[in-house]
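Engineer: Here you go, one structure.
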Amino acid sequence: MDSATVEKIIKEIGNIAPAHEGEHVGRVVAVGDGVVAIDGLSKAVMSEVLLFEEGKGKKLKGTMSAGGEAQGELFGLILNLEEDGVRATILGDTARVSEGMTVKSTGRILSVPASAEMLGRVVNALGEHIDGKGPFKKTTLMPIERQAAGVIDRKSVTVPLATGTKAIDAMIPIGRGQRELIIGDRGTGKTTVAIDAIINQKYEPEATRPICIYVAIGQKESKTARIAQQLREQGAMDYTIIVDAPASAPAALQYLAPFSGVAIGEYFMDKGRDVLIIYDDLSKQATAYRQLSLLLRRPPGREAYPGDVFYLHSRLLERACRLSEEKGGGSITALPIIETQEGDVSGYIPTNVISITDGQMFLVTDLFNKGIKPAIDVGISVSRVGSAAQTKAMKSVAGGIKLELAQFRELEAFMQFASDLDKATADRIESGRRMVEVLKQKNGAPIPLERQVAALYAAGHAFFLDVPVNKVTEVEGQLMEFLDGQYSKTLAAIKKTGQLSEDAKKELNKAMEEFRLAHAELFSVGK
Amino acid sequence: METAYAQALWKMVEGGMTPAKAVHALRDTLKAHGREQLMPRIARAFARIAQREAKRTDVVLTVAREKDERRAHKEIKDALSRMGVETKALKTQVDDTLIGGWRLEGKETLVDASYKNQLIELYNRVTA
């Protein structure tokens with residue numbers, strides 16, 4: 001034992017005074033399925049943390065190995081205040097609780113530790129490290145439940161949050177402080193879109209780069225490990241925190257994980273930083289909450305969800321906002337994910353979250369199966385506040401894309417029945433096909449703003465019209481390489497100013513012409 | 001439902017009504033609602049409440065060794081007065097896992113002055 005530890009022990013022994021202060025306690029009368037009924041605790045308050053006394057009747061050594069040393073203290077969270085006692089959920093292993101056990105009131109509302117040390121780390125729903133990299137040295141406790149910022153404390157969403165996905169940044173732009181739902185069936189690329197948004201933040205200057213928080217709720221641990229690995233490989237883990245409540249975790253932790261994530265986010269927001277938080281996914285959180293509520297004997301409502309399931313999500317998502325300059329100017333941008341069944345968006349939870357958020361992007365199985373990735377159905381996807389935050393450069397090139405794609409989809413359907421098409425219609429269809437190709441993107445490869453602008457500018461100026469449809473992605477890649485090499489200053493100017501000036505447009509036109517001349521063999525259609 | 005009736009009965013008696021009067025009032029109410037059959041179940045629920053309340057009001061002093069009892073009685077005077085309990089009403093038990101000191105529990109209050117508790121707290125503080 002080193003001398004510092006000895007000193008610490010001696011100091012602590014000196015501090016010991018026989019405790020004659022009474023503690024407020026109750027007694028476990030029933031336990032099962034992660035929920036415990038406690039007799040007593042008449043002065044307890046809602047959402048108060050309880051401490052289960054595991055050591056009663058056990059030898060000192062046994063107490064330490066059962067509690068402190070091996071698994072930590074066992075806590076509970078009050079969720080029901082009843083006439084003759086309380087009902088609480090166990091934030092840990094239910095097997096450690098037995099009938100007759102004494103439960104101590106702690107007098108504090110559930111909080112999670114938060115600090116900059118958490119960046120690059122994986123924590124559980126209680127903010128404890130689970131990546132084996134050791135505990136955090138200095139943390140601030142942030143309450144899990146906190147009133148969202150009021151109207152006066154907020155500011156309009158005006159700063160863009162680039163996701164690196166062309167289809168989103170062009171047509172469904174997201175602003176810092178916005179809540180944009182990602183919704184779709186399983187296996188349509190919802191998580192990929194969200195993870196790409198995290199990866200894309202590496203292109204942001206460090207001073208304005210958002211802190212990213214990925215909250216995994218009810219996911220397979222292998223999936224979360226794979227995501228952590230991907231983020232690490234891409235260098236995105238340095239500014240990311242993963243809050244993990246896997247499928248194997250108790251329902252209580254799955255219910256709490258999003259709140260823990262946003263509490264950690266608020267720590268950074270209060271310091272004036274921007275935060276991007278992804279809840280993957282809230283359907284699973286709602287399911288965990290339903291399980292808890294039924295065990296707590298709360299009356300079931302539609303689809304057996306409790307009556308306050310809307311409030312569960314609204315109070316969570318309301319905490320995403322952009323604060324006024326007086327409050328530091330920080331923001332939390334939320335990208336909640338909802339999984340639908342067979343494309344049914346009229347379910348209880350999907351409609352709730354659609355109505356709460358500031359827009360939604362629908363990912364569709366049909367598009368995914370056709371190889372259109374990201375499989376975003378732009379016709380029914382919207383961003384209600386993001387357009388105010390879109391950069392001028394993007395606005396100038398993305399203006400007509402949504403309409404063009406909508407017309408293309410309509411004509412494409414019509415084309416199946418018509419054999420002869422007039423030239424204008426045929427051109428529109430050809431242009432639409434190429435636009436769809438331009439909007440395709442590889443998984444895990446977000447594109448910086450200036451390159452997106454250049455690609456969409458080229459597409460909007462009929463650059464790809466002479467390129468065979470199956471070669472569009474390849475030609476686009478080559479054009480980008482050419483621009484990177486020969487016109488890096490133009491791209492840098494777009495990135496710096498966020499605008500597509502007349503000079504920049506001239507430069508891009510010139511670049512496109514030079515590229516066309518140098519690679520005439522790629523533009524073979526119609527020749 | 002029987003628990004709710006039993007709780008109401010308990011509260012009426014606690015509120016100062018005589019037991020006979022309270023039971024009569026309950027019976028009249030049940031009769032008016034055609035629920036007289038609930039009476040035996042209400043009686044069982046009432047017994048459960050009584051048992052629970054008795055447990056709640058029990059105050060137990062736990063000491064590590066029998067010979068510690070006298071010293072503990074001296075030390076718990078303040079705590080007992082705060083809890084509004086007389087020394088005579090105390091139940092005493094021995095638990096050698098406490099190592100030393102005493103532990104007073106009852107009426108939703110726990111005063112733990114055992115050596116074991118202090119050692120655990122010390123351990124938690126040092127290892128935190």
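Just so you know, the numbers here start at 1 and follow the chain as drawn.
From the backbone N, Cα and C atoms, a Cβ is placed for every residue, glycine too.
The domain 'ATPase F1/V1/A1 complex alpha/beta subunit N-terminal' annotation in TrEMBL covers A:25-107. Annotation comment: TrEMBL describes A:164-383 as domain 'ATPase F1/V1/A1 complex alpha/beta subunit nucleotide-binding'. Here TrEMBL flags A:GLY184, A:ASP185, A:ARG186, A:GLY187, A:THR188, A:GLY189, A:LYS190, A:THR191 as ATP binding site. Feature annotation from TrEMBL assigns site 'Required for activity' to A:SER381. Annotated domain 'ATP synthase alpha subunit C-terminal' per TrEMBL: A:390-515, in sequence order. Annotation comment: TrEMBL describes A:494-521 as coiled coil.
Could you give the neighbours, burial and distances for every feature on this list?
Structural biologist: Within 10 Å of the C-beta of A:ARG186 (ATP binding site) there are 10 other C-beta atoms, taking all protein chains into account.
Within 10 Å of the Cβ of A:SER381 (site 'Required for activity') there are 22 other Cβ atoms, across all protein chains.
Here the domain 'ATP synthase alpha subunit C-terminal' (A:390-515) is broken down by DSSP into helix, strand and coil counts: 93 helix, 0 strand, 33 coil.
Under 8 Å from some Cβ of the coiled coil (A:494-521) lie the Cβ atoms of residues 391-393, 396-397, 448-450, 453-454, 457-458, 461, 463, 475, 478-479, 482-483, 486-487, all in the same chain and six or more residues away from its ends.
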Engineer: Any idea what DSSP makes of A:THR191 (ATP binding site), helix, strand or coil?
Structural biologist: helix
Engineer: Limited to the coiled coil (A:494-521), I'd like the whole-number average of pLDDT.
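Structural biologist: Average per-residue pLDDT within the coiled coil (A:494-521): 90.
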Engineer: Between A:ARG186 (ATP binding site) and A:SER381 (site 'Required for activity'), how far is it from one CA atom to the other, in Å?
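Structural biologist: On Cα coordinates alone, these residues lie 18 Å apart.
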Engineer: Show, in sequence order, which residues other than A:GLY184, A:ASP185, A:ARG186, A:GLY187, A:THR188, A:GLY189, A:LYS190, A:THR191 on the same chain lie with their Cβ within 8 Å of the centre of the Cβ atoms of the ATP site.
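Structural biologist: Nearby residues not in the site list: A:GLU339, A:LEU363, A:THR365, A:PHE368, A:ALA375.
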Engineer: Mind telling me which of the binding-site residues A:GLY184, A:GLY187, A:GLY189 has the densest Cβ neighbourhood, counting other Cβ atoms within 10 Å?
Structural biologist: A:GLY184
Engineer: Counting only residues 6+ away in sequence within the same chain, which have a CB under 8 Å from the CB of A:LYS190 (ATP binding site)?
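Structural biologist: When sequence neighbours closer than 6 are ignored, A:LYS190 (ATP binding site) has A:ILE182, A:ILE183, A:GLY184, A:ASP280, A:ASP281, A:ILE337, A:GLU339, A:LEU363 within Cβ distance under 8 Å.
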Engineer: Please report how many Å separate the Cα atom of A:GLY187 (ATP binding site) from that of A:SER381 (site 'Required for activity'), as a whole number.
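Structural biologist: A:SER381 (site 'Required for activity') has its Cα 18 Å from the Cα of A:GLY187 (ATP binding site).
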